[in-house]
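S.K.: One structure, as C-alpha cells, below. Some questions next.
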C-alpha cells in the first residue's frame, strides 16, 4: 500500500513537471497571447453588424447566444477569432440607427432565427476584418413544418423567405414564385370552366437594381 506521504510526493512531482513543461513551451517560442476580453465583445458586435449589412430584412438582427470556437494567434499583435452565434430579428428597423444590442426581440411565432459563424481578424485589440455567414436554425424550420403539412402549397416552402432576408433571392424571383404558386393552386381548386388567370401583361415588375 502506498502511504499518504508517498502519494503527496508523487502529486508534487507531477505538478512540478507540468509547470516546467508549460515554462518550456512559452520560452521556446510557443505563441502566448493574452487578449483583452473586450476584444471578444468587439468581435461579436462587428459580426452582428456584418450580418445586418448583408441582410435584406427591414429589421435589425441581434445576437442572443454566442461562443468562441477557436483563436488563431498570428503574432504578438494579431489574431483571428472564429465565433458562432445565434441571431433573431428585433423590433428596430434598419433605418432607425439603433444599436441592435439595445433592441427588443420580436415575439412573433414566425420570427426569423439563424445560426451564424464568423471569422474576425483582430490587430492591436482592434477589429480589422469580418467574414460572416448564416444558416437557418432547426427550430425555425420546425416552426414551419406543421403549417406546411396542413396548408401545403398555400404556404409553400419557407426557404424563399429565409433566403430573401439574406439576399439570396431577388425581389423579382420572389414575385415569380408567388405568381407560379397561385396559378398552381387555381388549377387544382377551380374547375376548368371557371378559371380566370391574371393578365400577364399587367403584372407589376419590381425594380431589383441596388446601389
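Just so it is clear, glycine is given a Cβ too, placed from its N, Cα and C backbone atoms.
If you look up Swiss-Prot, you'll see 1-29 marked as signal peptide, on the strength of sequence analysis. If you look up Swiss-Prot, you'll see 92-103, 116-134 marked as disulfide bond. Among the features that Swiss-Prot reports, phosphoserine is placed at 96, 145, 146, 170, 173, 182.
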S.K.: Taking the Cα atoms as reference points, how far is residue 116 (disulfide bond) from residue 103 (disulfide bond) in Å?
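M.R.: The separation of the Cα atoms works out to 19 Å.
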S.K.: Can you tell me the three-state DSSP label for residue 103 (disulfide bond)?
M.R.: coil
S.K.: Hey, of the recorded positions listed (92, 96, 116), which one tops the CB count within 10 A?
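M.R.: Comparing the recorded positions 92, 96, 116, the most crowded Cβ belongs to 116.
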S.K.: Give me the Cα-Cα distance between residue 96 (phosphoserine) and residue 103 (disulfide bond), rounded to a whole Å.
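M.R.: A Cα-Cα distance of 11 Å.
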S.K.: Can you tell me whether DSSP puts residue 134 (disulfide bond) in helix, strand or coil?
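M.R.: Its secondary structure by DSSP: strand.
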S.K.: How big is the gap, in Å, between the Cα of residue 92 (disulfide bond) and that of residue 134 (disulfide bond), rounded to a whole number?
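M.R.: Between the Cα atoms of residue 92 (disulfide bond) and residue 134 (disulfide bond), the distance comes to 20 Å.
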S.K.: If I restrict to non-local contacts, at least six residues apart, and a C-beta distance under 8 angstroms, what lies near residue 103 (disulfide bond) in its own chain?
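M.R.: Residues satisfying the criterion: 60, 62, 90, 91, 92.
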